[in-house]
């Protein structure tokens with residue numbers, strides 16, 4: 001039992017260490033290139049996407065500190081604020097990128113005169129402000145005892161949380177909040193993203209010659225696909241977690257939870273790797 005229950009913890013720890021190293025270096029490089037070497041509208045989107053992934057990588061440093069300073073609930077709490085901030089900004093910058101590319105490809109003449117820096121900067125500021133406010137408020141409304149489940153460095157704390165919550169009855173307010181989170185932070189944005197790329201694919205398929213937009217399209221599709229693969233398991237798990245009335249399979253819960261969290265942290269490393277392998281130009 002000890003080996004079975006420590007495995008997901010060790011997996012999470014290893015993933016966090018790798019994410020911290022690769023994410024900080026890789027996204028730092030993308031921030032430098034997009035921030036100082038490129039001046040296009042697209043570069044602004046990618047710059048802010050890299051910043052959000054950099055924040056996620058930095059949050060792993062806070063998580064490592066929480067493991068070193070055992071039972072430090074303050075660090076645990078703020079590491080989750082950074083995690084929620086990363087989730088919000090990532091999904092909405094990806095949504096903004098999808099809409100921007102859809103407009104550029106579907107209506108190029110309109111985009112040429114209306115796709116300027118001012119509206120782009122306005123959208124960027126709104127995304128950051130709303131995400132920061134929601135992440136901070138999330139501290140008070142969402143993460144009850146659940147932070148112990150995700151931050152606890154030793155098995156006993158997992159068992160304590162689960163044993164105390166076996167007969168826990170779901171709170172209607174928390175369920176409503178998490179249903180709203182699932183819709184607003186995942187389902188709605190990805191519906192928009194899929195709609196945009198459906199239109200783009202139809203347009204690109206009708207083109208006889210290849211151009212720069214196709215290279216950018218490949219990069220963005222790869223980013224969106226990886227983001228979906230990394231965040232979908234976590235969002236579904238969180239949704240199911242708050243709908244349940246009992247917890248009878250402790251080891252299975254630990255494994256599923258740890259793997260889904262590992263995928264979340266891995267997402268912050270994928271964007272710079274995608275840029276390297278798919279081309280220098282965004």
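Placement of Cβ uses the backbone N, Cα and C atoms for every residue, glycine included.
All annotation found in TrEMBL is predicted automatically rather than curated by experts.
Feature annotation from TrEMBL assigns domain 'G-protein coupled receptors family 1 profile' to 26-275.
Annotation source TrEMBL lists transmembrane segment at 14-34 (among others).
The transmembrane segment annotation in TrEMBL covers 46-68 (among others).
The transmembrane segment feature in TrEMBL is assigned to 80-99 (among others).
The transmembrane segment annotation in TrEMBL covers 120-141 (among others). Sequence-distant contacts of the transmembrane segment (120-141), counting only residues of its own chain at least 6 positions beyond either end whose CB sits under 8 Å from a CB of the stretch, comprise 41, 44-45, 48, 77, 80-82, 84-85, 88-89, 92-93, 96, 100, 177.
Within the chain, the transmembrane segment (177-205) has long-range Cβ neighbours (under 8 A, six or more residues past its boundaries) at 87-88, 91-92, 94-95, 98-99, 101-102, 105-106, 141-142, 213-214, 217, 221, 224, 228, 231-232, 235, 238-239, 242. The feature transmembrane segment is assigned by TrEMBL to 177-205 (among others).
Taken from TrEMBL, the feature transmembrane segment covers 217-234 (among others).
If you look up TrEMBL, you'll see 254-278 (among others) marked as transmembrane segment.
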Stretch-level contact, the transmembrane segment (14-34) and the transmembrane segment (254-278), CB cutoff 8 A, at least 3 pairs: yes
Folded-back contacts onto the transmembrane segment (80-99), same chain, C-beta under 8 angstroms, at least six residues removed: 42, 45-46, 48-49, 51-53, 55-56, 58-59, 62, 123-124, 127-128, 130-132, 134-136, 138-139, 142-143, 147, 150-151, 185-186, 189-190, 192-193, 196-197, 220, 223-224, 227, 231, 264, 267-268
Model confidence over the domain 'G-protein coupled receptors family 1 profile' (26-275), averaged pLDDT: 74
